[in-house]
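Q: What TrEMBL records for this protein is below:
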- 54-191: domain 'Cytochrome c' (DOMAIN)
- Cys76, Cys79, His80: heme c 1 binding site (BINDING)
- 207-328: domain 'Cytochrome c' (DOMAIN)
- Cys222, Cys225, His226: heme c 2 binding site (BINDING)
Amino acid sequence: MAWKVGAAVAVLLGFVGVSGGVGSGPDPRRAGWRDAYRAPTEIPFPAENPYTAAKAELGRRLFFDPILSGDGTRACATCHIPDLAWGDGRARAATRQQGDMDLRTPTLLNIAWQDGSLGWDGKFRTLESVAAMPMAAPGNMNLPMPDALTRLSSDPSYAAAFAEAFADPAITRERLEAALATFQRLIVTGTTPFDRWIAGQEDAIGEPAKRGFDLFNGRAGCASCHSGWSFTDNSFHDIGVGVGPDIGRGRYKPTSLALQYAFKTPTLREIGQRGPYMHDGSVPTLSAVIDLYNRGGIDRPSRSRSIKPLQLTAAERADLLAFLATLSTSAGRDLVTISFAAKAPAP
Ligand code: HEC
Ligand code: HEC
């Protein structure tokens, strides 16, 4: 027993020595924190819209097909671009007339885990319900649902694909939405160095990234909102960005001051490929994001109580960036490979 205690003390002292004055060794809470990031083994599909391969394939075709826009120039993939981590790399999405929309295009990565509150303001309750809005919006795809259904019905190859997916040839709004959602639930991140580390491979990420993980979960408090495998609490916060009309573009309802400028917590998966950042694309780089959190954003009554100046040293800011870099797959191309290892939900 005495030997064990002595060894533990020696290890602790060793870490203090190795970190060369940066601070202390690994946070003793690290092992517990790691448990919260284990990858799920199955994609969740709702009972009302279970996975089938025919539905997913039909959804894939629809997602990339400009037939869903009025003048045949836009598809869902015009803005949710696989090679750009399923976003579009713009600060705010482009209107049909090449103007700016109010909001940035969010990634669709791991969208299956976000059912219940989709959109920057959470206005969509299900993934199925999202598609009709961009399709019909005059500034976006500009094709009202009845016109879309007529168009698809007069295309024999779509009639055949719907018949295969739904055992019935009728093309309805519900089926169109079900197919698109089934495809989107397959947009899942590949295994990253971070995931390999969580699974137990100690050398999968470097020491700076491990220190960054401790900060992320500890003193910097990031994990209070960017929590779990998908790095989001699926909730809404004002982190002190957004000005002017952005006050009402998030969760805000006139009854609650606290929800002014409150936007959905985004996933941090593939974050390096997804700039510019925030709902309005106002923060150009990841180091600018860290600087923003270090300053604490705009101090105002609606700002989350979890956001405050952090007083991070330059070395700590670098450690946080090293950690964020482990949340991406090595090659951007991996993102195009959608996992088809989908299973129907357990009965
Ligand atoms: C002009 C670019 C554009 C096109 C085209 C587009 N989207 Fe989007 N998408 C956006 C923007 C911007 C948002 C954020 C909207 C909001 O929060 O109100 C969004 C949000 C979403 C979300 C919610 C994501 C989240 O994290 O909450 C889903 C799902 C989605 N779109 C799917 C689709 C589908 C399916 C299509 C095709 C039918 C489509 N989008 C077409 C720009 C686009
Ligand atoms: C109070 C909850 C909260 C805390 C704490 C928090 N975040 Fe965020 N984070 C958010 C929200 C909400 C957004 C989106 C804000 C917006 O668009 O207006 C965001 C956005 C981001 C983005 C940009 C994502 C994107 O797709 O644009 C990054 C990167 C990020 N946070 C990293 C961090 C790091 C690192 C920390 C710790 C230093 C942290 N966050 C702490 C809630 C939080």
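Keep in mind that glycine also has a Cβ here, set from the backbone N, Cα and C atoms.
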Q: Per DSSP, to which secondary structure element type does Cys222 (heme c 2 binding site) belong, with helix, strand and coil as the options?
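A: Helix, per DSSP.
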Q: On the DSSP side of things, how many residues of the domain 'Cytochrome c' (54-191) fall into helix, strand and coil, could you say?
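A: Helix/strand/coil tally for the domain 'Cytochrome c' (54-191): 60 helix, 6 strand, 72 coil.
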Q: What is the pLDDT of the domain 'Cytochrome c' (54-191) when averaged and given as a whole number?
A: 95
Q: Name the residues of the same chain, 6+ apart in sequence, whose Cβ is under 8 Å from the Cβ of His226 (heme c 2 binding site)?
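A: Same-chain residues close to His226 (heme c 2 binding site) (Cβ under 8 Å, separated by 6 or more) are Phe216, Thr232, Asp233, Thr265, Thr267, Leu268.
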Q: Less than 6 Å between Cβ and the nearest atom of ligand 2 is the rule; apply it to the binding-site residues Cys79, His80, Cys222, Cys225.
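A: The ones that qualify, in sequence order, are Cys222, Cys225.
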Q: Per DSSP, what is the residue count of the domain 'Cytochrome c' (207-328) in each of helix, strand and coil?
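A: Per-class counts: 47 helix, 6 strand, 69 coil.
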Q: Rank the binding-site residues Cys76, Cys225 by how many other Cβ atoms lie within 10 Å of each Cβ and give me the one with the fewest.
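A: If we count Cβ atoms within 10 Å for the binding-site residues Cys76, Cys225, the smallest count is at Cys225.
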Q: Can you tell me which of Cys76, Cys79, Cys222, Cys225, His226, our binding-site residues, come within under 6 Å of ligand 1 at the Cβ?
A: Cys76, Cys79
